[in-house]
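Notes for the one structure printed next.
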Amino acid sequence: MFFSGLSNTDICIFSAEPLQSFTRHDLEAFVLIRQDYGEDQMNEVVFGVKDDKQLEYTPEKCIGCGTCVMACPKGSLVIGSVGAVARGLIDKDFLENQTELCIVCGICAKTCPTGALELKQAGESVNDNAYISVALKDTTVNDNCVHCGLCEQICPQGCIEVKQWLSNDGTASVDGETIIDTECCIHCGWCAEVCPAEAISVEKPFEGTWVQDDKVCTACRSCVDVCPCNALFNPDWEAGEIVNKVEQRADACIYCGACDMACPVKAITVTKTGILPEVDKKTLLEKKLLNAEMKRPTLTSTLVIDEDACLGCGNCVIVCPVNATDEEVAAGCLNDVDGKKILEVRNGVAQVVNQDLCGSDGACVMICPVSAITLEKREV
C-alpha cells in the first residue's frame, strides 16, 4: 500500500528549503509500509523444488538484509535495487533466486531473521529450532505494563496495539491491554527502550558492528528509508547548512545489513559478530555469517529516461549519490551537469552514462518533476 498526499513535483533541488524531503515521513508517497499487509494478503513465491522439498519466499516479510545471500552455498540467491524497492519505486522484490543453481538445502531459511524464507517438506513447514526466526523468543509484555501507549507509537513496524479504558474499581486510573503481533515484530527493541515500566522483553537476532565512512557518505538517506528498525537518521539541519551525515541508534539496530545492501556508494559496513537466539546447530550458521563481509548486491534494475518528457533541468544529475562524488557537484556547481559518472545532461536531455555504476536507490526518480525517469526490472 502506498501513501498519498505528495507528488514528485513537491521535491525540488532548487527549493529554498534544505533537502529534508528525503525523510521517512516526507517521502511517505514512495515508501512501501510492510505492516499494511495482513497474513492473507501475503504472496508465497516458490524459489525451488527438489524431490519432496520446496523453498518458498514471502516478499512482504523480507527486509532486504541479504543475510540469506551470505549463507547460500551455491550463490543462487540474488539481492539488488534495495533502496528503490524499499521506496516503492520499482515493481520487484528484494530477492530473486536462480532456480537452476538452487539445491533447496534450506540454509537460507535458517538464517533469515524474519521468516521470509521457508522450507517445506512433503507440503509441511520445517519449523524447528535450527531456524533463527523460530528460535527467537517472542517479544512479550508483563503485568507491570501501564498501557501508556509509548510502545505503540514508537514501533517502526506498527505491530503493537494498546487498548485503554477507564478502570471500574473506583480509582482515577486506566486499565488496558497491550497486544504484540509477533509475526510482524522484527525484534528491534524500541518498545523495551521507551517502556517506563520496563514491562517488555525483547530478544534480538544478531549483535554486530556498524561502520560508516563519512568521507564517502553522501547523505542520500537510502539506508534510512530501508532500515526496518528506524535505527538510522540524519540530525536536523537548517537552510544553508551542510547536510549532516547519517547516524546510527545502536540500541535499535539488529545488524541485519539492509543499510549495507542499500547504500549506493558503499559507505556502510555491517558485520555480524554474534547470533543471539539459542539456535540448534549454531556453529554452522556462525561459520556462514559471523565476521564475514556482506556480499555486494547485484544490479537488478535499469534506468530508463523518456527523452520526450525530459526537461533537461539536471535535477537527477545533481541528486544522484554516485554523481555527488564529482568535484563540481560537491562544490555546489549546480549548472555543470555534463561529464558525470552515471547521469548527465547532453544536448538538453538527461542521458545514462554508465548503467553499471547505478546504486539503484531511486533518488533521480523521486526528484524528476515530470516523471521522465523510471527504474525497470533487469533480468539476472
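Placed from the backbone N, Cα and C atoms, the Cβ positions cover glycine too.
These features come from TrEMBL:
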DOMAIN    53-82  domain '4Fe-4S ferredoxin-type'
DOMAIN    92-122  domain '4Fe-4S ferredoxin-type'
DOMAIN    137-165  domain '4Fe-4S ferredoxin-type'
DOMAIN    176-205  domain '4Fe-4S ferredoxin-type'
DOMAIN    207-238  domain '4Fe-4S ferredoxin-type'
DOMAIN    244-273  domain '4Fe-4S ferredoxin-type'
DOMAIN    301-330  domain '4Fe-4S ferredoxin-type'
DOMAIN    349-378  domain '4Fe-4S ferredoxin-type'
Take the C-beta pairs under 8 A between the domain '4Fe-4S ferredoxin-type' (53-82) and each of 137-165, 244-273, 301-330. Which stretch has the highest count?
244-273
The domain '4Fe-4S ferredoxin-type' (349-378) [mean pLDDT, rounded to integer]
93
Looking at 92-122, 137-165, 176-205, 244-273, 349-378, which one has the highest count of Cβ pairs under 8 angstroms to the domain '4Fe-4S ferredoxin-type' (301-330)?
349-378
Can you break down the domain '4Fe-4S ferredoxin-type' (207-238) into helix, strand and coil residue counts using DSSP?
5 helix, 8 strand, 19 coil
Residue counts in helix (H, G, I), strand (E, B) and coil for the domain '4Fe-4S ferredoxin-type' (176-205), per DSSP?
5 helix, 7 strand, 18 coil
